[in-house]
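K.L.:
Okay, handing you the structure first.
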Amino acid sequence: MASQILFLGLIMITCSIAFASDSSPLQDFCVADFNGPVLVNGFACKDPKLVQANDFFFSGLHLMGNTSNSMGSKGTLVTVAQLPGLNTLGISMARIDLAPWGVNPPHTHPRATEILTILEGTIQVGFITSNPENRLITKVLQKGDVFVFPQGLVHFQRNVGSSNAIGIAGLSSQNPGVNTVGNAVFGAKPDIPDDLLAKAFQVDVNIIDQIQSKF
């Protein structure tokens, strides 16, 4: 009998781990308290009696982002960091501005699926499936088109038109995170050893050093 109870207990523990996920809100809202002393997965709740309308408000997505940079792109984020009322709600968004032939370089969102709607312009999008296939799935989108990027997969956007392009992205996390591939691999602090990267990419160490110098 004792062994059966132990077996059932192990099954229950295994199932609870396998199905663990972010829990649903247990109150109407939990506005992020950025100055709270309690460390939790996310942010502690602000006293509901002190909550104001501005805690649920953000202004600025009508403004074009500055694309005068080497990528020709700018993302304007609206996550819990900019809109504290998003805390515990599992959602955020971003505006993506792309100059002609500008790119939002290959990156991942480790905690979110992304759904992108094109507001203006012509944007090539794509994502790469995981090992071992590493299949590129890509499409050129026009105004009004919608495309989804599965959580955690490397993906990109590129303006293939002759005018500025704008997209609005919805993300399934209050804090989706962004991990840009080039920055992560070649701009890590401290540096990933260049001989390791040379072997991984099958190139000369001098090429790795040259790329790392740009990050």
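Note: Cβ is positioned from N, Cα and C throughout, glycine not excepted.
Where the annotation comes from TrEMBL, it is an automatic prediction and has not been curated.
In case it helps, TrEMBL gives these features for our protein:
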- 1-20: signal peptide (SIGNAL)
- CYS30-CYS45: disulfide bond (DISULFID)
- 59-209: domain 'Cupin type-1' (DOMAIN)
- ASN104, HIS109, GLU114: oxalate binding site (BINDING)
- HIS107, HIS109, GLU114, HIS155: Mn(2+) binding site (BINDING)
K.L.:
Cα-Cα, whole number of Å: HIS109 (oxalate binding site) versus CYS30 (disulfide bond)?
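P.N.:
So the alpha carbons of HIS109 (oxalate binding site) and CYS30 (disulfide bond) sit roughly 23 Å from each other.
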K.L.:
Please determine which of the recorded positions listed here (CYS30, CYS45, HIS109, HIS155) has the lowest count of neighbouring CB atoms within 10 Å.
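P.N.:
Least crowded of the recorded positions CYS30, CYS45, HIS109, HIS155, by Cβ count within 10 Å, is CYS45.
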K.L.:
Between the Cα atoms of HIS155 (Mn(2+) binding site) and GLU114 (oxalate binding site), what distance do you get, rounded to the nearest Å?
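P.N.:
If we compare the Cα positions of HIS155 (Mn(2+) binding site) and GLU114 (oxalate binding site), the gap is 10 Å.
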K.L.:
With a radius of 8 angstroms around the mean position of the C-beta atoms of HIS107, HIS109, GLU114, HIS155, what other residues of the same chain does the Mn(2+) site pick up?
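P.N.:
After dropping the recorded site residues, what remains is THR108, ALA112, PHE127, PHE149, LEU153, VAL154, PRO176, VAL178.
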K.L.:
Among the binding-site residues ASN104, HIS107, point out the residue whose Cβ has the most other Cβ atoms within 10 Å, with all shown protein chains included in the count.
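P.N.:
Selected residue: ASN104.
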K.L.:
Let me know the model's mean pLDDT on the domain 'Cupin type-1' (59-209).
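P.N.:
Its mean pLDDT is 97.
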K.L.:
What is the interatomic distance between the Cα atoms of HIS107 (Mn(2+) binding site) and GLU114 (oxalate binding site), given in whole Å?
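P.N.:
So the alpha carbons of HIS107 (Mn(2+) binding site) and GLU114 (oxalate binding site) sit roughly 12 Å from each other.
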